[in-house]
Amino acid sequence: MGAHVSRKDFEWSYTDEPHATRRKEILKKHPEIKYLMGPDWKSKWIIIGMVFFQIGSLFIVKDLSNLGLFLAAYFIGGTINHSLMLEKHPEIKYLMGPDWKSKWIIIGMVFFQIGSLFIVKDLSNLGLFLAAYFIGGTINHSLMLAIHEISHNLVFGHSHPLANRLFGLFANLPIGVPFSPAFKKYHLEHHKYQGDEKLDTDIPTKLEAVLFTRTGTKFLWLVLQPLFYALRPPVVYPKALTTLEYVCIIIQLSFDAIIIHFFGWRSLLYLLG
């Protein structure tokens, strides 16, 4: 399974949490960066677009062969990235903050995914696999990143927290698994307690480090990263479910049931893929 690592433990650091320290240093040297902080009004529209794109794509991928489904999930859709190079391009600061287009893009992606269900439901196994991997998977990954932005109130702004939370439930729909409120709950503590072995649940556990020590097993860990990322927080740092999490579960399971009723299990597998 490849070479075996020689390290027996994590490398521990006992310095202060880096986020706050770096923030002070950066703002002291570049105070103009403070204008890049704040909500992005375009994000909500981008998330809406991704959600509907994912739902719409179900009409296509449901009948794809396994190979077609794999190719569609892997190569089609696109991930929205925000690449900031302030040193060379200070004008990029005007792209920061609320992004009014985001909500429309997200709405479009959601409806695209819903619309695609009419196509994917009749695809062959290989076609369904390719569509789920190259199209649905790419769009859903973008929606997961959008939910990250929503968790920081970067769609409707910090003055509208409830709107951000509810929009997160909407962006969650094509993903198939309810996680938006839970992600916010754990992710904000990741920023606050970065590097803490319990409170920062982005850090792999000691068990993961022991089990995945060779090249082959590390590759398996990478492939299964979404699973570990989802299961690690409630195992390492369990918390009681909030009211919004219960609401998310009810809405998401209802949406999944509607997909199964009108499009069948294959279409739901496309979204989950």
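Indices start at 1 and increase along the chain as displayed.
Positions of Cβ are set from backbone N, Cα and C atoms, glycine also.
Nobody curates TrEMBL annotations by hand; they come from automatic prediction.
Under the heading domain 'Sphingolipid delta4-desaturase N-terminal', TrEMBL lists 5-43 (among others). On the 0 to 100 pLDDT scale, the domain 'Sphingolipid delta4-desaturase N-terminal' (5-43) averages 73 in the predicted structure.
The transmembrane segment annotation in TrEMBL covers 45-61 (among others).
Residues or ranges marked as transmembrane segment in TrEMBL: 67-84 (among others).
Taken from TrEMBL, the feature domain 'Sphingolipid delta4-desaturase N-terminal' applies to 71-102 (among others).
According to TrEMBL, the feature transmembrane segment maps to 104-120 (among others).
Look at TrEMBL and you will find 126-146 (among others) tagged as transmembrane segment.
Among the features that TrEMBL reports, transmembrane segment is placed at 166-183 (among others).
Residues of the same chain lying 6 or more positions beyond the ends of the transmembrane segment (243-263) and with a Cβ under 8 Å from any Cβ of it are 58, 62, 117-118, 120-121, 165, 169, 172-173, 176-182, 185, 271. Look at TrEMBL and you will find 243-263 (among others) tagged as transmembrane segment.
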Positions on the same chain near the transmembrane segment (104-120), where near means CB under 8 A and six or more residues out: 42-64, 69, 80, 127-128, 131-132, 135-136, 139-140, 142-143, 146, 167, 170-171, 173-174, 259, 262-263, 266-267, 270-271
Tertiary contacts of the transmembrane segment (45-61) (same chain, 6+ residues out, Cβ under 8 Å): 68-69, 72-73, 77, 80, 99-121, 123, 127-128, 130-132, 135-136, 139-140, 142-143, 146-147, 149-150, 155, 167, 170-171, 173-175, 259, 263, 267, 270-271
Surrounding residues of the transmembrane segment (166-183) on its own chain - C-beta under 8 Å, 6+ positions past either end: 44, 47-48, 50-51, 54-55, 103, 106, 109-110, 113-114, 136, 139-140, 143-144, 146-148, 150-151, 155-156, 230, 233, 242, 244-245, 247-249, 251-253, 255-256, 268, 271-272
